[in-house]
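S.K.: Take a look at this one; I'll ask things after.
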C-alpha cells in the first residue's frame, strides 16, 4: 500500500491506472476508521482493480463551534487496517495541499444543503460538496463509496454529481451497527459508558417508527411524532430533528406509501449523532439491522 501526500502524485497515479485500463474505486473518509468504513473498503475491493482511500479532515465542513480540533485522528492505525484490507493507495494530503491559498471557490448545492443537517449546521454541506468535488477531480474514479448513515449527505452529493456531470457512479452502502443497534460513527469515541447507553435512543426511535409502519400506519406526521416521543423519554438526549422526507429531495412528505427516509439527529452530552432508516411502504420497511 502506498501513501500519497500530494495532489500531483495522486493525479499521476490515476493517469497511469487509466492508461493500463484499470478501474478505480474511491472511498472518501476523514479517518478514525471503524467497521462501517471498512465495509465500504471491502465493497470497493470486490468491484475495482484499484482502491484509493482518502483520509482528510476537511476544515471547511466544520462550523466555528464544532469539533474540528478534537476530531479523532488515528492515521497509523487507519493505515494498518487499510493495508490489511488490500487497499492500493491512501491519499492523505495536508490542509495546505488541498487549500494552498485558503478557499475562495466553493461548490454549493442550493436548497438541499439547507435541509436536515444543513439547517442545524450552516455551511456544512457546502464544505462537504467542495471537498468531494475536489477529490473527484483529483481522483477520477469509476466508483465512489459512501455510507447510507449520512443520508442527507448522500442526497446532496448525488445532486452535485448529476448537476456537474461527474462521470462517476455513487455506490451507497448499508449502515453498519453494533449488536445493540447503535450506528457506527467516529464520534462514538466521544461517548462515555452512560452516554453510550443513552445514544441507543436514536435506534429505539427509528424502530418505533418502523414498527408502526409495519402495522399499516402511513401518515408521516403521526409516525414522526411517535419517534420524537421516544427521544423525549431519554433525559440524556436533546433532539435536533426527527423528520420523514423524500430521500432524494429531503422535502417532508405526508404519506410513506412510496418510500420515505426517516432521519434523526440528537445531542448526547456534547456529541451530535445521526441515524436513519428507509421505509419502503406500509408493512414493508427496510431499517436498522444489527451486524
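Glycine is no exception: its Cβ is also placed from the backbone N, Cα and C atoms.
Values in this document were obtained by computation on a predicted structure and should not be read as measured data.
Straight from Swiss-Prot, here's the annotation block:
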{"type": "BINDING", "residues": "30-37, 147-150, 176, 184-187", "note": "ATP binding site"}
{"type": "ACT_SITE", "residues": "37", "note": "active site, proton donor"}
{"type": "BINDING", "residues": "61, 153", "note": "(R)-pantoate binding site"}
{"type": "BINDING", "residues": "61", "note": "beta-alanine binding site"}
S.K.: If you count the other Cβ atoms within 10 Å of each Cβ, which of the binding-site residues 61, 148 comes out on top?
M.R.: 61
S.K.: Between 30, 33, 176, which of the binding-site residues has its C-beta surrounded by the fewest other C-beta atoms within 10 Å?
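M.R.: Selected from the binding-site residues 30, 33, 176 on minimum Cβ neighbours within 10 Å: 30.
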S.K.: Quick check: of the recorded positions listed here (37, 61, 153), which one has the Cα closest to that of residue 176 (ATP binding site)?
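M.R.: Nearest listed residue in space: 37.
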S.K.: What whole-number Å value do you get for the CA-CA distance of residue 153 ((R)-pantoate binding site) and residue 186 (ATP binding site)?
M.R.: 16
S.K.: To the nearest whole angstrom, what is the C-alpha distance linking residue 61 ((R)-pantoate binding site) and residue 30 (ATP binding site)?
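M.R.: Residue 61 ((R)-pantoate binding site) and residue 30 (ATP binding site) have their Cα atoms 11 Å apart.
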S.K.: By a 10 A CB contact count over all chains shown, which of the binding-site residues listed here is most packed: 153, 186?
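M.R.: By the 10 Å Cβ neighbour count, 153 comes out on top.
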S.K.: CB neighbours of the residue listed as 'active site, proton donor' within 10 A?
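M.R.: I count 26 other Cβ atoms within 10 Å of it.
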S.K.: Excluding near sequence neighbours, so keeping only residues 6 or more apart in the same chain, what lies with its CB under 8 A of residue 36 (ATP binding site)?
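M.R.: The answer is 147, 149, 175, 176, 183, 184, 185.
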